[in-house]
Amino acid sequence: MTSRSFSSLPLDPAMQTNLDSLGYQQMTPVQAESLPVILAGQDLIAKAKTGSGKTAAFAIGLLARLQVERFRVQKLVLCPTRELADQVAREIRRLARATHNIKVLTLCGGVSIGPQIGSLEHGAHIIVGTPGRLLDHLRKQTLNLEHVDQLVLDEADRMLDMGFADDVETILAACPANRQMLLFSATYPDGIQKISARYQQSPVTVTVEEQHHPQQLVQHFYELPDAISRSEAVLRVLGQFNPALTLVFSNTRQQCQAIADDLNDQGVSALALHGDLEQKDRDRVLVRFANRSCLVLIATDVAARGLDVKELDLVINSEPSHDPEVHVHRVGRTGRAGEAGIAVTLFSAKEAGRLNRLEDYLKAPVNTESLPAFTKAYNREADMVCINIDGGKKDKLRAGDILGALTRDAGIPGSDIGKIDIFDNAAYVAVAHASARTALQQFDKGKIKGRKFRARKLARF
Ligand code: ADP
Ligand code: MG
């Protein structure tokens, strides 16, 4: 049992008093679990949801190990957006009130770089910044990271979502190898595991779950009457559950495309993903489902492998898989953290034998139901619009450039920008509906790196 009292930590009395004055009476769970690790100098991976007090967890850890008399950049915090960097810097400054003369500097895009260079010449202890601008300073050699002994990646998953993986790696490589590295993230996708494996040394993992119940899965097996097509049944199931994000599995490419076409005919924005598509089109479909500009995806098993989306609300098997193991794998993709996922399997009388095999495999009965009657039409629309830019890595286009054009040049709030994906010759950015026009106008009129790029909004299907 870890103590929740700040006084159980080896913090100096001034810090304890300051915490009291801020009304921080006891540690939040993520602070109680991670602060002892941080203070001991170990590398850390902390997973906890928003609002759990992660900022103070690392801020207290950085301040406790800061040497004020050494006026050098000792601590570096990377954040995905300028808004978040500002919030983090504010929290660090509040917590630093107890000690005189601690200099915290934010380095983000959206403002001219000149004054930042001036501030850097005056020196700072703690730098909080976004990857794009930090990289600019490294290139200009206006930022020296040689003395960094603690490094924080805050909201690491969002940082990777925004396309900053390469920039983050370049910045990590510019810091000393033996520094402590703290990684904070709400989720733990493959990209983060890679960065951790490369840059951390025996990290301690701290996971704070809000929900203590194991995630459950609700499965329905609906028998398909002869008179009803699979596409019609899929539409009915969508209307019944009204899911935010759905993956429909098909056993064949033909059926996959047919269901997508039928759904589109009914006005549902759905995309098909299967092996008959060219690589470039497959990439695009994966991007659109992952960036939430398309909410229904119909896929074959092979094609769905490239999909890094684990938080599906609903999985629909348009017909049962022949292989029970594949079935289990398919339905295991649904369910958000702590919430029950729903999996619906449609089967015709002829396909009932596959359910028997599933029962044998699961050693549990499969309860079949008749297909529910039509309740209401599925009419959910994505909140995000996907914009395709006709330039990519080969044009030296970086996520920071696109983000800068949209937030700094066009004045779109960072919260309206979603995932940014950059390929060799193309880039995609998800933008909230309300800001889509402004974004397109910006690409139309403005330049990125002195060059015009053509951009267009991708159609709903
Ligand atoms: P996260 O980064 O995990 O999303 P924040 O670090 O932004 O969360 O913290 C959320 C809020 O909780 C902030 O307003 C912060 O001031 C407050 N907070 C953090 N630690 C404590 C604490 N120990 N006691 C009370 N409030 C806290
Ligand atoms: Mg945070």
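Quick reminder: no glycine exception, Cβ is built from N, Cα and C everywhere.
Sequence annotations record features per position, and here TrEMBL assigns domain 'DEAD-box RNA helicase Q' to 4-32. Through the fold, the domain 'DEAD-box RNA helicase Q' (4-32) approaches residues 39, 46, 48, 52-54, 56-57, 60, 63-64, 94-95, 97-99, 206, 208 of its own chain, all at least 6 residues removed from its boundaries and within a Cβ separation under 8 Å.
Annotation comment: TrEMBL describes 35-206 as domain 'Helicase ATP-binding'.
Annotated domain 'Helicase C-terminal' per TrEMBL: 237-379, in sequence order.
Residues or ranges marked as motif 'Q motif' by TrEMBL: 4-32. With DSSP classes pooled into helix, strand and coil, the tally for the motif 'Q motif' (4-32) is 16 helix, 0 strand, 13 coil.
Here the domain 'Helicase C-terminal' (237-379) is broken down by DSSP into helix, strand and coil counts: 56 helix, 30 strand, 57 coil. On the 0 to 100 pLDDT scale, the domain 'DEAD-box RNA helicase Q' (4-32) averages 93 in the predicted structure.
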